[in-house]
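Enquirer: Quick one: the structure is below, questions incoming.
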Amino acid sequence: MRVDFIKMHGLGNDFVVLDARARQLPDIDQATASAIADRRTGIGCDQLILLTASEAADFRMRIFNNDGSEVGACGNASRAVALLHGAPARVETDGGLIAVEPSGSGASVDMGEPRFDWDAIPLAYAMDTAALPVGWDGLDQPGAVNVGNPHVIFFVGDVDAVPLDTIGPEIENDPLFPEKVNVNVASVIDREHIRLRVWERGAGLTRACGTGACATAVHAMRRGLVEREVTVSLPGGDLTIAWRSDNRIVMTGPANEAYRGSFEWSDYA
Ligand SMILES: N[C@H](CCC[C@H](N)C(=O)O)C(=O)O
């Protein structure tokens, strides 16, 4: 079976998008998703995105990390899908209902409301998620926020000085996080600007992480460090994050289509 795909990215966080809204595809399991995402032997991407019909929204977006794990949210892919869809849409994800709107060469996404309760992150036991009493190799007192997926956020003096490639997987897989976690290291530049690097659960170091930008901005706002609308600068570029008075998070930024192609399903399934 020949399958079409669209290669897209948001600030360099890249995706293989399969649009199964009009044409049924075989179900995707962890092995197939990681085979397609593999950068050496597959097409290669940080996340595989599958669009399908939905009873609850205009369509459904399923998200598979590079390791094949299926997760609840992907901010950068939400903007890419908005660009692809070409009109405002409500989108069902495993992490909740989001609303996407293409704008210029990118999109705005209403990511829904943040969750702060320890068991909504989730954590293995009750803790104050505004300042967890834990630390790893000089990174301590992080915050934790769920924005459809789990994030832990550390404020540091210099994000480039953190050996995220080694400490990231250690924290990602710590038993404190029963569903693992995305690891964010951030520096507050001023009240309207944050610098951020992310070790992503199931994908590793990425050029950008949209949900990481949302979680980090909201945590910084919660601590009173920044205004309710900030620019978050990631290695791949900038996002604007607003935490509105209705408690919903709105992320705005670029999205790009790189190329289109097709593959033989049996090569990866
Ligand atoms: N690695 C994330 C999913 C992708 C998030 C990221 N690519 C984004 O733009 O939000 C997780 O396991 O929850």
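A Cβ is built for glycine as well, from the same backbone N, Cα and C atoms used for every other residue.
TrEMBL entries are annotated by machine, without manual review.
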Enquirer: To which of Asn13, Asn173 does TrEMBL also attribute binding of substrate at the site defined by Gln47, Asn65, Gly75, Asn76, Asn149, Asn182, Glu200, Arg201, Gly210, Thr211?
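Expert: Of Asn13, Asn173, Asn13 joins Gln47, Asn65, Gly75, Asn76, Asn149, Asn182, Glu200, Arg201, Gly210, Thr211 in the substrate site that TrEMBL records.
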Enquirer: So for Asn182 (substrate binding site), how many other CB atoms are inside 10 Å of its CB?
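Expert: Excluding its own Cβ, Asn182 (substrate binding site) sees 28 Cβ atoms within 10 Å.
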Enquirer: With substrate as the bound species and Asn13, Gln47, Asn65, Gly75, Asn76, Asn149, Asn182, Glu200, Arg201, Gly210, Thr211 as its recorded binding residues, calculate the greatest Cα-Cα distance and give it in Å as a whole number.
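Expert: Pairwise Cα check on Asn13, Gln47, Asn65, Gly75, Asn76, Asn149, Asn182, Glu200, Arg201, Gly210, Thr211 gives a maximum of 16 Å.
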